[in-house]
């Protein structure tokens with residue numbers, strides 16, 4: 001998904017495209033396949049639109065999440081959330097390093113296997129999210145501090 005597509009979706013849902021919103025969208029689209037913290041999004045957005053502030057970033061992330069346009073996750077035990085634009089053209093999952101936050105896309109979705117085990121009258125599956133956690137080779141080979 002690109003910035004123009006995102007802006008059209010926002011407009012069709014009644015949202016205006018402000019300079020700050022445009023900067024945030026551009027930052028997310030420039031980093032497809034990578035999780036960014038709100039602070040990283042703020043810093044990168046400020047390079048495009050200096051008036052951008054934390055509350056604007058958080059409000060926009062909340063809107064994008066409600067519209068199911070971004071994926072939100074916690075990589076480690078901290079309370080920091082990370083965000084990634086959802087690439088509607090390339091459904092994938094992630095393996096995430098719990099030390100450095102490096103992510104790798106996994107172009108395999110086991111949903112069909114899960115569906116066979118959960119098909120019943122008690123639930124209607126609406127969505128899913130699969131995240132695998134581990135330690136990347138770079139972190140594994142670093143000496144511990």
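Quick reminder: no glycine exception, Cβ is built from N, Cα and C everywhere.
Feature annotations, courtesy of TrEMBL:
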type    : residues          : note
BINDING : 91, 112, 128      : Fe cation binding site
BINDING : 97, 100, 136, 139 : Zn(2+) binding site
Item to check | Env. residues of Zn(2+) site, Cβ within 8 Å of mean position of 97, 100, 136, 139 Cβ | outcome: 98, 99, 101, 102, 135, 137, 138, 140
Item to check | CB within-chain contacts under 8 A for residue 139 (Zn(2+) binding site), separation at least 6 | outcome: 97, 99, 100, 102
Checklist outcome for this item: Most isolated by CB count within 10 A, of the binding-site residues 97, 100, 136, is 100
Checklist entry - Taking the Cβ of residue 112 (Fe cation binding site) as the centre, how many other Cβ atoms fall within a 10 Å radius? => result 7
Checklist entry - Whole-number Å distance between the CA of residue 112 (Fe cation binding site) and the CA of residue 136 (Zn(2+) binding site)? => result 28
